[in-house]
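Copied over from TrEMBL:
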COILED    B:94-121  coiled coil
TRANSMEM  B:399-423  transmembrane segment
TRANSMEM  B:443-462  transmembrane segment
TRANSMEM  B:534-552  transmembrane segment
TRANSMEM  B:572-591  transmembrane segment
TRANSMEM  B:603-620  transmembrane segment
TRANSMEM  B:640-659  transmembrane segment
TRANSMEM  B:760-785  transmembrane segment
Amino acid sequence: MMKICGPKLSLCCTILSVWAIIQLGLMAIFFYVRSPAFIEDLKIDDHDHHDAEKFLKALDTSYSTIAVNCAISAGLYVVTLAVSGWQMWVNKNS
Amino acid sequence: MGSIFRSEEMTLCQLFLSSEAAYNCVSELGEIGLVQFRDLNPDVNAFQRKFVHEVRRCDEMERKLRYLETEMKKDNVPILDNGENPEAPQPREMIDLEATFEKLENEMKEVNSNAETLKKNSLELMELKHVLLTTQLFFDERDSEPGTSITQNLLPAEEGKGPVQLGFAAGVTLRERMPMFERMLWRVCRGNVFVRRADIQQPLEDPITGEEVFKTVFIIFFQGEQLKTKVKKICEGCRATMYPCPEAGAERKEMAQGVKGRLDDLSTVLSQTTDHRRRVLAAAAKHLRTWFIKVRKIKAIYHTLNMLNLDVTNKCLIAECWIPTSDLGVIRDALRKGTERSGSSVEPILNRMQTQLKPPTFHRTNKFTSGFQNLIDAYGVATYREVNPALYTTTTFPFLFAVMFGDAGHGVLMLAFAAWMVIREKALIAAKMSGEIWNIFFGGRYIILLMSCFSIYTGIIYNDVFSKSFNIFGSAWRINSNATVENLEHWEELTLDPANREEYSGKPYPFGFDPMWQIAVNKIAFQNSYKMKISIIIGVIHMIFGVVVSLYNHTFFRNYISLVFEFIPQMIFLIGMFGWLCIMVFIKWIMYGAGPEFGEERSSFCAPSVLITFINMVLLKKEKEDPTTPCKVFMFEGQYILQLVLLVLCIICVPLMLFPKPLILKSLHNSKKRHHEQQAIAQNGELGGEATTSGHGEEEEEFEFSEVFIEQAIHTIEFVLGSVSHTASYLRLWALSLAHAQLSEVLWNMVMKIGLSQSFYTGSIMLYLIFAAWAALTISILVLMEGLSAFLHTLRLHWVEFQSKFYKGEGYAFTPLTFKHIVSGDEDDA
């Protein structure tokens with residue numbers, strides 16, 4: 001069993017991953033249902049600001065993109081959780 | 001009957017112990033930890049006390065145990081800790097313990113010195129081996145040219161000078177000393193010696209320090225006796241070890257083999273010695289902790305016995321001790337047990353004494369309240385039988401913290417940490433983690449748990465979760481028909497008027513801030529008004545509560561003068577001035593508003609500034625009505641008269657606080673003195689000229705009127721000026737919550753937003769990394785730093801603003817004889 005990191009780092013990463021999965025998961029849901037609380041976090045280019053139709057469409061696209069991004073990040077953190085959990089187990093056994 | 005509301009009632013008792021039973025009784029009392037012994041021999045030197053020999057023996061035993069402990073730590077021998085609590089052994093068993101420790105210590109010392117000698121020998125042999133090996137190389141080179149001797153000179157002999165013979169010396173020295181050594185040789189011998197050196201590759205272990213050092217082999221060639229002596233002296237001076245090295249090859253080989261044989265023997269002996277040492281240490285390690293506890297208990301008992309007085313008949317020991325009155329039964333049981341164990345037939349006698357001494361303050365706390373009690377005791381231990389602020393602190397402290405911390409997301413993080421500490425309490429206590437910071441956090445785990453729960457509550461009220469708001473009930477605000485494309489292209493912001501029922505529904509958000517405020521540009525202005533007002537209201541309530549607690553103290557101590565001339569004026573002043581301020585805030589909130597329901601006079605345009613009204617009240621300014629607007633200066637009819645009456649009442653309170661109490665105290669003192677004099681004269685007349693001073697058993701009460709008056713003046717000024725400054729001080733509740741909210745928002749906008757505002761799916765990697773950074777900053781800055789800051793400010797509000805209204809804090813803590821800290825393994829210097 002290969003040891004990549006020590007006990008403290010693996011514990012930190014595990015806790016961080018759990019928190020990240022919960023929070024990013026919730027944020028993905030919130031972006032998917034178009035919550036207005038996140039309206040300031042969207043990415044809308046300048047040239048889309050002048051036409052109402054374009055603006056609404058850009059709004060929509062941005063919400064979807066960020067929702068998917070959050071979900072992918074949550075997935076990456078699932079992988080991180082697995083790796084750091086494995087490292088914690090390795091450290092405990094050594 | 002005890003409770004955490006007041007400190008326990010304490011009794012001073014006299015304890016008569018027979019000499020045989022004394023040791024065991026004190027041991028039992030130490031186990032229950034409820035008795036504080038008074039030192040009856042304060043003038044006696046430590047070396048003249050009765051049991052000084054026993055204490056010295058205990059110190060010796062502890063020293064031996066500590067030596068054993070260091071030896072065990074050096075060898076990494078694990079010290080067994082099975083959590084058992086051995087009783088203090090009988091005095092006669094002390095001799096056995098001493099003998100065991102002496103034997104162990106001698107054995108260890110012997111083993112250590114043997115090992116040292118062996119290591120020294122082995123080092124010498126190893127160095128000799130290396131010397132032989134290296135010189136072998138030198139001589140081998142020479143031997144490649146047969147027929148010559150290394151000591152033969154290379155140049156042809158000059159005429160008139162005989163054949164020259166070179167001598168040589170070989171040795172070993174530290175690698176670091178080599179350059180200095182060579183330079184010294186060069187200078188002293190004026191360059192007439194030849195040095196060759198070779199480093200020893202593997203490090204050798206220094207026998208004394210155990211460190212590994214690198215050494216070098218050198219061989220010096222010189223000519224003549226004088227150089228030889230010089231070289232020898234220099235070698236000695238530079239602390240290089242010389243080894244005799246035979247010139248002939250065969251002799252060297254023989255020597256090398258002999259050395260090898262001796263080295264092997266030595267290493268076997270050395271390994272056996274270290275094994276033996278480990279065995280001895282391992283056997284002792286099993287009992288080490290028990291021995292430590294036993295020795296420390298014996299020492300504590302003898303320290304206590306030193307405080308007792310020896311009776312005239314020399315048969316029993318007398319002790320004076322403070323005990324909680326409700327625990328008399330428990331203590332009698334313990335004494336009985338101790339007497340039984342000692343086998344003495346004489347029962348110990350426990351007498352209650354009347355005394356004028358001030359008893360210690362004892363609060364009976366459990367694991368939940370002990371944290372809060374520590375916070376209060378850090379400022380000052382409560383006076384005997386004073387109301388204990390710790391009881392109320394259990395709720396007010398987390399609440400005031402939460403008002404300043406107010407973020408549900410950070411509260412959840414704190415709750416997770418605190419809940420883990422509380423749920424895994426037993427395991428964490430047993431783990432005995434070191435580290436002062438960890439112990440501080442763990443000791444305050446219940447405080448942190450409550451603070452986090454309250455923070456989640458205030459976070460929901462402020463509608464702040466990591467600087468974002470939740471919309472659970474539906475916002476009361478609507479975007480109106482003004483939001484056309486044309487208007488939005490020209491305007492920066494869209495203003496929503498709360499008086500317009502199309503924009504604001506008139507039915508406010510049921511619980512907490514409306515989520516619309518999160519994206520409003522004037523969010524801070526709105527929140528400021530709200531937070532400042534509730535800070536003042538909370539502050540005034542907290543301070544009035546403090547004054548009410550002082551009422552309980554006055555009635556308990558039957559201090560009726562203070563009740564009438566301190567409590568009542570203080571209440572009138574506080575409520576009349578700052579209570580009125582809060583009432584005005586409430587009136588304004590209820591009576592004034594935006595919208596068609598309120599009419600013109602009570603519209604938001606006409607709402608008077610509470611602060612200006614308050615200042616005008618004190619300055620007795622009556623502002624003229626402004627005819628151009630429908631607004632009125634005052635909120636209701638008769639407000640000016642009411643404010644005038646309140647102001648006059650409050651001004652009267654100031655001399656009421658200042659003058660009557662000292663004057664009454666002075667007249668009381670005078671009447672008491674006259675009463676005593678009359679009594680003395682009557683006694684004198686009866687008994688015919690006896691000393692009058694025998695009537696006074698108590699201390700002469702001194703009464704300096706100027707001192708009392710100045711003290712009263714200080715108290716009055718402190719209260720009156722303090723009421724203004726303390727009320728303003730509560731504005732820190734607003735300031736810190738604003739700072740926290742803004743920090744949280746800035747962190748999100750500067751860090752998390754970068755990760756979120758991505759146009760492509762590859763941004764998820766960015767988000768992955770940035771989330772970790774945002775999380776680290778949230779924990780370190782917002783939870784830890786802001787948490788500590790809010791904790792500190794809450795503590796200050798309690799210590800200064802709240803407790804200055806009633807708390808005297810002039811007591812001393814109850815320090816009973818207890819073995820608890822000995823068993824738990826805390827380092828205590830008795």
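Just so it is clear, glycine is given a Cβ too, placed from its N, Cα and C backbone atoms.
Within the chain, the transmembrane segment (B:603-620) has long-range Cβ neighbours (under 8 A, six or more residues past its boundaries) at 498-499, 580-581, 584-585, 588, 592-594, 629-635, 643-644, 646-647. In the predicted structure, the coiled coil (B:94-121) carries a mean pLDDT of 90. Scored by C-beta pairs under 8 angstroms, the transmembrane segment (B:399-423) has its highest count with B:760-785, from the stretches B:534-552, B:572-591, B:640-659, B:760-785. Within the same chain, residues 407, 410, 413-414, 466, 740, 743-744, 747-748, 751-752, 754 sit at least 6 positions outside the transmembrane segment (B:760-785) and bring their C-beta atoms closer than 8 Å to a C-beta of that stretch.
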